[in-house]
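**Q** Before I ask anything, here is the structure I am working with.
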Amino acid sequence: MKLLVVGSGGREHAIAKKLLESEQVEQVFVAPGNDGMTLDGIELINIGISEHSALINFAKENDIAWTFVGPDDALAAGIVDDFEQAGLKAFGPSRLAAELEWSKDFAKQIMVKYGIPTAAFGTFSNFEEAKAYIEEQGAPIVVKADGLALGKGVVVAETVEQAVEAAREMLLDNKFGDSGARVVIEEFLAGEEFSLFALVNGDQFYILPTAQDHKRAFDGDQGPNTGGMGAYVHVPHLPQSVVDTAVDTIVKPILEGMITEGRSYLGVLYAGLILTDQGPKVIEFNARFGDPETQIILPRLTSDFAQNIDDILHKRPTQLTWLNSGVTLGVVVASNGYPLDYEKGVTLPAKTEGDITTYYAGARFAENSRALLSNGGRVYMLVTTADTVQDAQEKIYSELKNQDTTGLFYRTDIGSKAVK
């Protein structure tokens, strides 16, 4: 079969690469993709993620069996609804089901309604009311833009002043446009964060290995929030009993709740969780695979990914099998200045071979050659599997030391929480 992946980042590179491993898959197209993907035999289609009718026409003309949608903004724009109306299958939630991600307030209301553990909160569109709530609650406190903001719409404020300023930027200064026209202000939860993913169709779901992401830009969890600077799986200090509790108290009730609400869920459900003294609680839901978690989870899958997704799409039982030993770890290399203003056009090191995989995100070919240049905030990610976190760190970081990363930066402590 021929498949289409919508998106352009490292996540979509990992999805397409894994689908291409299937003996049943003849071709994988990515729209619009990035030039780095072509080094793995992936074909790029020059159609943007918002061009739904062009994507639908391409899928029809090229006999695409189904489409895997990567990015949150495409889902929020109703791409899956449009494909389904055209009689095409797409793996991803409808616009209404994806509201779990594109409105933090909606997600909070659903969690309250169905008794799902999460932080106490208030939602505000009026700055003075938000300010009064912050002053009443005190700090630390978390201020979130209600809508999509590329993973950068969350401020963990250490002081009341910092929280008020974050609310002011969103509500009065229009920092995130319509996405920040409402803010959700939450109690700060202390604990270990982890990412739980499930492949879902209605009440049928399959839990993936649990990963830990590193959101802050710099070592020691310093600096601004980013889309993610690295991740690893498995999380050795997270007992299976915690995952089981999260499935019972969070995943099952949210999926049942969405069915009750008439928003039955299809696709990847991503629960960003935190292990508190009261057990796991939800920080956020996302309606798609995480980036960079996808790049470390999918290499551990030993079953046929294309067959698994095909089965789930058609509501057939499927069997996902995984590497059950060792650790897979990945480090993101980003452009200097990210997540704020960053440089572009930096020459990238050669693609790695052997047991270190390179997944590309912001990369393009130079005008007159096949040299890859940086073309985004997060540029590429190196991923490897080893017996222990330390072994994986050693492999990745020794490779990075040998690369010319002028104009780029990366965190040097990915996975270190697991080796304390």
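Note that the numbers count up from 1, one per residue, in the order the chain is shown.
Glycine residues also receive a Cβ, built from the backbone N, Cα and C atoms like all the rest.
Okay, these came from Swiss-Prot:
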DOMAIN    108-314  domain 'ATP-grasp'
BINDING   134-195  ATP binding site
BINDING   E284, N286  Mg(2+) binding site
**Q** Across all chains shown, how many C-beta atoms besides its own are within 10 angstroms of the C-beta of N286 (Mg(2+) binding site)?
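**A** A count of 23.
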**Q** Taking the Cβ of L150 (ATP binding site) as the reference point, list residues of the same chain whose Cβ is under 8 angstroms away and which are at least six residues distant in sequence.
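**A** Result: G227, P339.
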**Q** May I ask for the distance between A190 (ATP binding site) and E284 (Mg(2+) binding site), taken between their Cα atoms and rounded to an integer number of Å?
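**A** Answer for this pair: 15 Å between alpha carbons.
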**Q** Roughly how many Å lie between the Cα atoms of V142 (ATP binding site) and E284 (Mg(2+) binding site), rounded to a whole value?
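**A** Between the Cα atoms of V142 (ATP binding site) and E284 (Mg(2+) binding site), the distance comes to 12 Å.
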**Q** Measuring Cα to Cα, how many angstrom lie between N174 (ATP binding site) and N286 (Mg(2+) binding site)?
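**A** Rounded to the nearest whole number, the Cα-Cα distance is 23 Å.
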**Q** Do me a favour and check the Cα-Cα span between E284 (Mg(2+) binding site) and R182 (ATP binding site); whole Å is fine.
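**A** Taking the Cα atoms only, E284 (Mg(2+) binding site) lies 16 Å from R182 (ATP binding site).
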**Q** With every protein chain in view, what's the tally of Cβ atoms within 10 Å of the Cβ of E284 (Mg(2+) binding site), excluding that atom itself?
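**A** The Cβ of E284 (Mg(2+) binding site) has 19 Cβ neighbours within 10 Å.
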**Q** Using N286 (Mg(2+) binding site) as the reference point, find which of the binding-site residues I134, E158, A166 has the shortest Cα-to-Cα distance to it.
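**A** Spatially nearest to N286 (Mg(2+) binding site) by Cα position is A166.
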**Q** Is it possible to get the count of other C-beta atoms within 10 angstroms of the C-beta of A190 (ATP binding site)?
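**A** Other Cβ atoms within 10 Å of A190 (ATP binding site): 9.
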**Q** Counting only residues 6+ apart in the same chain, whose Cβ is under 8 Å from the Cβ of E158 (ATP binding site)?
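**A** Non-local contacts for E158 (ATP binding site): A139, P140.
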**Q** Could you work out which of the binding-site residues (I134, V142, A166) has its C-beta surrounded by the smallest number of other C-beta atoms within 10 A?
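**A** Looking at the binding-site residues I134, V142, A166, the Cβ with the fewest others within 10 Å is that of V142.
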**Q** State the three-class DSSP label for L150 (ATP binding site), counting H, G and I as helix, E and B as strand, and everything else as coil.
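**A** SS state of L150 (ATP binding site) = coil.
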**Q** For the domain 'ATP-grasp' (108-314), what is the mean per-residue pLDDT, to the nearest integer?
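**A** Taking every residue of the domain 'ATP-grasp' (108-314) together, the mean pLDDT is 96.
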**Q** To which of the binding-site residues N174, R182 does the lowest count of other Cβ atoms within 10 Å belong?
**A** N174
